[in-house]
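Database features (TrEMBL):
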- 44-162: domain 'Cadherin' (DOMAIN)
- 163-271: domain 'Cadherin' (DOMAIN)
- 272-377: domain 'Cadherin' (DOMAIN)
- 378-483: domain 'Cadherin' (DOMAIN)
- 498-597: domain 'Cadherin' (DOMAIN)
- 611-634: transmembrane segment (TRANSMEM)
Amino acid sequence: STHYREGDFSCTLLVILMLELIRFEPTRIVIKILDVNDNPPEIEVTSLSNTVPEGSKPGTVISLIKETREGTAVGNVAKDLGMDRTSLADRGLRVVSGSKEAFFDVDADTGALKVRKKIDREETCPGRSACLIELKILVENPLEIHYVVVEITDINDHSPSFPETEQRFQIAEQTSSGTRFEIHAARDPDSGVNSIQIEYSLSKTLVRNVYDIFELDRLNGKIRLKGLLNYEESETYRLDIEATDKGTPPLTSRCRVTVKVKDVNDNPPEIEVTSLSNTVPEDSKPGTVISLISVSDKDSGVNGKIISRITSDVPFELKPSYKENTYSIVTKAFLDREMTSHYEIIIQAVDCGEPPLSTVRSIQVQVSDINDNSPRFIQNPLQFYLVENNVAGASIFSVSATDNDVSENAVISYSIARLNDVTSFLNVNSENGQISALKSFDFETLKTFQFQVVASDSGSPSLSSNVTVKVFILDQNDNAPVILYPVSSNGSAEGVEEIPRNVNAGHLVTKVRAYDADIGYNGWLLFSLQQVSDHSLFGLDRYTGQIRTLRSFTETDEAEHKLVILVKDNGNVSLSATATVMVKLVEPKEAFAASDLQSSAKDDEDSHVTFYLMITLGSVSVLFIISIIVLIAMQCSKSPDYTSKYLPETNYDGTLCHSIQYRSGDKRYMLVGPRMSIGSTIARIMSVLNSCCRCCVNLYKHSYLLGQSGAVSLSLQHFEP
């Protein structure tokens, strides 16, 4: 064993020898080794140290302080080792070993330890919390070796760094508030306070809404959602995160965090009407554009694909435009305002998301009117009945037409087509169709007439329609009965009748003849005895006006009797006339003479009636023959090549009808001649002529018979189809 003490330089060596002897017997031998000066002095400094800041420039003087304890910082090496500064140069004070890099050297004049080159702690001692550099310092004469440990202290020369300068996240836009997202933390190669505490923060240059949506944990750098993400407001958020150490001065680095918002189908499509014509004319052709619309969806991808259509049953359709999601609404059929004047177009837009979202938009369209409907009368022809003796200038009736159009196209004005003379006595109110007569009509003069009223609208161009108005004049009891017999020479209805005294009961004394220009009940006459001297002698037939004796005369009967006959019609307000007949009773001889005179007077009267009748019938015959001649001439002059030129219209049958009306008492008769067609043969015409002649003969005979008992009223009427 060896025992070494630095104070007394003594050395004791214990050697145990193993000798091979015949007989083994241990022996203790003490050998004293004498020292010779074969080694230079060597001083081992077990804890000579000082801290050197990294980054110290070359030539920096490190003061060595006296060793006090292990790890205590030292300053000047010569001073700490008790060397004479004046002999340092001669003794060759120098650093002979240390780190691979020669960071230090010793000033041979002062003994100060100097930094030879810039020290980077992070490169020299990577990954170690303490950075120690061991130096071996050598002096000669006598030779001495000293060990110096230099601790390199850290300065904040490195800012924190992130593994990636830009980090990306994708977050669904419906992610709930409070969700956290961890980023890759920053690292700082410095040590101590320069590294152990890194604080994170958001850059103050971000957009304001970022601070409303995101917040950052300053200790661990985790991102937390504090608001709701909306893809439609922002698809991407960019956060600049700062990492700051606690060094002096503090250093900062940044990392760009890009948050990509993942879209979900949370927005329904939107329909925008970019151009709209609320009114479309009803004569618009199919394909007329009435509106332009565009559809959009804030979502993206499939969620933003839109299908549009019209859901209502209307004559409109969507026509895609060259631009995506742009459509024009066009007509697909003809419109008719009179059938439908207003349409509600319902447009539906559906996206292709899951589940799909839809939007409905309604567009109101009015169909404007054009003048495509003429005025229309409910009935054609119109028939009106007008009581005669109307007030001149007063409204007699009105016509009304309707027009399915509206506004100016439906404003109707009325006028009378002046086609005949009777219309000169009529006037129509152009606004309401009230028709007034400018004169009073007389049934006995005019029984019926017709005219046309034209209804025109105010459209452009104006449309019109006609209606035929047939007016029938109704009789009014405005004519009192007229006494035809007896009539005296001065015009008064008085007469004298002489009859033999010896006549029997039932003898016809006379007949009171009267007529009424009115018709119907207004012209139906009744006779009555208003005054008679003896009611037992005479009787009056109330319908025929015949006065007959009721009994034979006696000697006591007076020779003269006065009869007052009242003739009245059956109108609502009855009109009447009176006739006075003086009946004289004469002897038979005187009666015969008076009878002959009376017969002569009657013959004269009958001759006048016959004369008037012949004139009437002759006129009718002449007109009829002239008509036949004209028709025969037209038939014979027709050319085979131009037959259609002379043919009558399709609604005309070539017929002329003549009638003769006459009245006797309360009865009215009408004799109508046969019809004759233009295309009939000559034999047919002759047959018609013979029939007409027979009618005239019968009329004459009948009139003669009537002349014996009553008045005859003749009228000639000419009817045209």
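Quick reminder: no glycine exception, Cβ is built from N, Cα and C everywhere.
Shown for the domain 'Cadherin' (163-271): DSSP residue counts in helix, strand and coil, namely 9 helix, 42 strand, 58 coil.
The DSSP breakdown of the domain 'Cadherin' (378-483) into helical (H, G, I), extended (E, B) and coil residues amounts to 9 helix, 48 strand, 49 coil. Residue counts for the domain 'Cadherin' (272-377) under DSSP (helix as H, G, I; strand as E, B; rest coil) come to 4 helix, 55 strand, 47 coil.
Note on the domain 'Cadherin' (498-597): DSSP counts are 14 helix, 44 strand, 42 coil.
Along the domain 'Cadherin' (272-377), the predicted structure has mean pLDDT 90.
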